[in-house]
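*Asks:* Here it is, the structure in full.
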C-alpha cells in the first residue's frame, strides 16, 4: 500500500510502504540529509530510519529545530543509562528524558548512590561508548519479553505494566532500554555533552514513592553551544534568589519544619513589609477597601465555588473536626471576598465595589516542584476583587491595568507582554460548563484590549477554570516568561453564590466579578525582584539603606550615633558598624551585603559636619554635608528612584487618565 505524504508546502507525494524519513530526505537534497535527525508525522516525532507507519503530514526535523535538539538530548539520556549500567551493574533505572536545557535519568543503587565526584568517570564511559559508534537498534518487545528483560528492575517493571503491548525500546550492544522516545539514528553526532549535577527526585513525582537519584546533564550540537550553556548557568547561579537569599540572610527553609514553608529573616521581612505597605497604600488610593479574612473555611464554601471539583488536587486534605464539620485551608481568596460582598445588601451606587487583601493561601505542591520562594506551599497573595455592573466592566478593566502599569514603573519593570488566556476548546471538561459565558467573557476581554490599542497574543488552555484572563508576562533575569499580574472576568462565581445588587430600577441584578493580582504572591514577587536586582535592591527597598562606619570609635562614634538618630527620625533604615575590625574589611563587607550607601566618618568629616559617602558599586567616595546627604536619601526613597527625581509616569500616560 502506498503512503500519501503531505509536505509543509501543501504538496502531496506517494511513497511505497516501508519508506523511511531518511529515504525521503535523501531524495530531496543531500544538504538536508546531512542536517536531518528525525521526522514529525501529524505532529508526532518519528525516528529517522524507521518505516513510516501511515500516510499523513510530514515535517523533516533538523539540527536547527528545537525538536532536533530534543532528540539529541534524549539520545544522551539513553547513553547515560548505558554507561551507568556498565559501571554499576546493580543499578536500577526510573525514567530519563530531555528537558528544556538538558537531560536527566533517575536511578537507584542498593550499594550506594552515584555522587557528584563520580560524574567525570561516568562521562568518560559515555564518551567511550559514543566513540565506538555502535548502532542504536530499535527493538519491539512483547509484554512478556519486556517483563523478562527488566525482571530485576522494579521501576522499569512498573513502566512495562502501564505500557501497551508490544513495547518499543532501543538496544545498544548488550544494553536494552524501554524507550518510547525518538533517538538519533547513530551516536556520531553526540559529541558535545556534559554531566552537571545530582539531586533527589521522588519516583514519578509522588512523595509517597521512593526517593531516586536524578543525574543531570546537557548536550549540544557544537562546542560553542556547550560553552554558551556554561556561561548561562554561571549567570543563573549569580542571579539565583536561593543563593542570594542565603548570602543576604533574607529567608531560609528548615527541613524540620517542612519543604515549601519559608522563614523570613529580618532582612527579607523588611523587604516584604516595605512592599506590602506600598501595595496597600497604592490600592487604598485607587479606591480599594482592605480586609482580613480567615485562612480556614468550611469545605462547603469551596464546593459551592467549584474549587473542590476543579482544583482539588492542588488543595490540602480537609480537616475533619469530628462533629461533621470539615475545614479546608484555602487555596484562593475569592470565595472569602464574595462573603464580604454578600454580608450586606448592595446597591448600584456602591459599584464598582473594590475589595483587596494580602491573603495567605495554601497549595498542595509536590516536593519535587518546590523551589525557594518561587514555588511554596504557603503564600501570601496580593489579591483583589471588584464587583461591577455589566456596563462598568471595560472602564474598570482599564483602571486596573493603569494601576498595574503604575506599579511596574515604580519597580522599574519594563520587559513584559500581554497574553489573553482562553479555555481550551478541545478540553472543555476542565472548565466551568457554560459555553455562552465563555464566549461572552472572552469577547469582552478581547474588546477591552482592542479598545486600549495594546499589542497582545492569545493562548488557549491558559484560562482559570471559572473564566478567561489577561496575563501580564514579565521576563525574568534569565529571559524566561513568568506571569506577574492577572485580570480575570468572572460570570460564574456571582451565579454560583447568587450575588445581586439593587439597580436603579429597584430590581435585583447580577454583578460581574473581576479578579486581579497586581504583583502576584509576595514570595514569588520577591524572588523575581531578588534575581532581577541581583540582590542590589534599590534604596527604597533595601533592608539596610546605609551603614555608618566610624574610623575611630573613641573619637567618632558619638557623631556617628547622632547622624544615625537623625536618619532614623527621617524614616531611614540605618545601622552602625562599630566592630573592632579594619576599615577596609568593613567597607568590603558592606559592598558584599549590597548596602546602597556606605558612610565613613573620620576627623575631617567630624570637623566639617559632613560624611564621606560611597554608593554600592562605586569605587570612589564623595564628601557631603550630613544634612544634605540625609535630605537627598529621603528624596530618593520617597520617589522610588535612585536619583531622587520624580519620575514622569510614562506607563500611566500610555493608558490615559
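Every residue, even glycine, has its Cβ placed from backbone N, Cα and C.
According to Swiss-Prot, the Zn(2+) binding site annotation covers 334, 385, 515. Residues or ranges marked as domain 'TGS' by Swiss-Prot on the basis of sequence analysis: 1-62. Annotated region 'Catalytic' per Swiss-Prot: 240-538, in sequence order.
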*Asks:* What are the non-local neighbours of residue 334 (Zn(2+) binding site), defined as same-chain residues 6+ apart in sequence with CB under 8 A from its CB?
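*Replies:* Non-local contacts for residue 334 (Zn(2+) binding site): 305, 383, 385, 490, 493, 513, 515.
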*Asks:* What other residues of the same chain, not counting 334, 385, 515, have a CB atom within 8 A of the CB centroid of the Zn(2+) site?
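*Replies:* My list of surrounding residues reads 332, 333, 337, 338, 383, 384, 488, 490, 493, 513, 514, 516.
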*Asks:* According to DSSP, which of helix, strand or coil covers residue 334 (Zn(2+) binding site)?
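*Replies:* SS state of residue 334 (Zn(2+) binding site) = helix.
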*Asks:* Tell me, roughly as an integer, the mean pLDDT over the domain 'TGS' (1-62).
*Replies:* 90
*Asks:* Go ahead and report the DSSP secondary structure tallies for the domain 'TGS' (1-62): helix first, then strand, then coil.
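*Replies:* Split into helix, strand and coil, the domain 'TGS' (1-62) gives 14 helix, 27 strand, 21 coil.
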